[in-house]
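Have a look at the structure below before the remarks.
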């Protein structure tokens, strides 16, 4: 097996050798072609079969092919035509990147079989101007000191162009600049480059950066260019001193500004840069120490801030000088002046000073009288120092400006201590600042009393009701007056103005406490005698001169039920029984008798009602409870007793009620006796007078005559007396009749039902009564009944006479 393998290997080597020998023998001379780069794919370079003398028809059989030596296969042959064509676009700069030579050749081997032949083909790739010049860096930065001399040269980066020959860079152009130009240089390999030349001195403060455009141009047709930016940064030299915006600053600062608040930020600029432009601020020697203590200067940023509290009233402005220095090796400096004006702030309250104040003053002080003098002030300035003084409205005072910031307080309206005893006057001073500040001071003005008010009673008329039978010394009322004045002008003394009534002084009837106005009764009053009193009480103060006023007092005596009814009809002797005779044939409803009782009390207590206390036959007689009439309820029968006993009680309306009784004994007779008639007027019927009755009639006539003479004399005396004063009330005094009269006066009797005129006369056989109606509303007189006429015990009460109109009677009730 090993021998077989060795034999095969040797046979192979021999075959290769023979093949290589055949190839070597079949290579002919080199064929050269030239084509430009960037030809389109499929472009024909040459007809290789024709150039090599080959039969076109046998090319496919003989398997002709083209191989590129050491490169990509950019070219190929068409077997049917023998043409060499571009298989892939050829880029000369990619194929031959080195520019050591402008010759770029693409070598090919063309092979054909049967017999094998090999041809060497060279295709030269010609350059076309398909690349523009370009700089390795699109931007070039140059730092040039502003102190560089004119003509100084600065190297620039050259532009590269992949093309060769005339298509490479041939020239450079610089954009327009008054400070720079270029100069073209050629290297040993023919490369073109440019140098930047300074043709005018630089000034960084005028132009710190110069922007230039460098353009590279090749020699192709058409030409192609490439550009690069040149940024020239001018390096600074400390050739500029710091400077302020202004040589002099004026700034306002508010007083009382908080410590640390910014006043101003100074800004000094240095056209240089770097340390040459770093500025440091400081006060110059011309700045006062007080100013430096008041304001703090920051050396780094130039801020001036408040260091201590500023007061406008201490100093109104500050001046300082500030120096700004740079940090260059040769430091330069600038300076400015600063004036700080303090703006007044409304921080001082106005002040009030009371120069004089008069208190107390009399309440009758005339208007326009000066009470006080006030001065006002304010330490601020401008409107902050302008002040106005005010007092509350609705006060009887006003302010009058007398001079600069001086005011007078004067009375503008009449004063009245009784209305306002004192005034708290608040003086308010306000400045005109924004916001305004104010201050106030309150003074109390007291008013002294003047006796300018008369005593005043709560009422102008007092009506006091006093129950009769009062105890002497009893308090009737307290008549207290009021005087709004003070002290002795307020102390009141009370008097009863003297006045006589029926020869009796008021001071004998009443008494008043001079200190408190308590009114007392000095006697016991009897309504049946005295019904009212009218007098005046005066209240007088203790001022100088004293003032007084008076009030009318009306004392009304109120009736008590202290008088029992008195039976005046039918008349009877004391303790006797009234006997009456009536015909037995008297009709039903006939008036048998009439009981009349009188009560000297007032209307309420004198209202009398009648009723049977005892009656023999209640079915025979009726009694009218209001007028006392006894009438028959039926006719007498033979069964009725001959004698009828009637006990009638007359009771008043008082509390407790008082009463009187009368006993009437009725006897029936067969003969016709004239009974009481209901006629309006009944003539007197006279029986045969007995001797005793004759004497009674004579006595009664004599007494009546004497009474008439007495009345006439009394009337004459009354007419001669002086008229009573107007202030005195109309007299209601009783007129007391003679108690010893044996014959009663003509009498008008009042009750709720009827008014009657009674005439009583004693005949030999007894009493006769004539009844006459009297119109209601007539004035009436009640006269007492004689003691000796046989009245009951109740008739012994004090007799009185009432004389008044019906309306008067109603009002006293």
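Keep in mind that glycine also has a Cβ here, set from the backbone N, Cα and C atoms.
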Transmembrane segment range according to TrEMBL, out of 670-693, 694-717, 718-741: 694-717
Across the domain 'Cadherin' (353-457), what are the DSSP residue counts per state (helix, strand, coil)? 4 helix, 54 strand, 47 coil
In the domain 'Cadherin' (245-352), how many residues does DSSP call helix, how many strand, and how many coil? 9 helix, 48 strand, 51 coil
Summary of DSSP states over the domain 'Cadherin' (136-244), given as helix, strand and coil counts: 3 helix, 55 strand, 51 coil
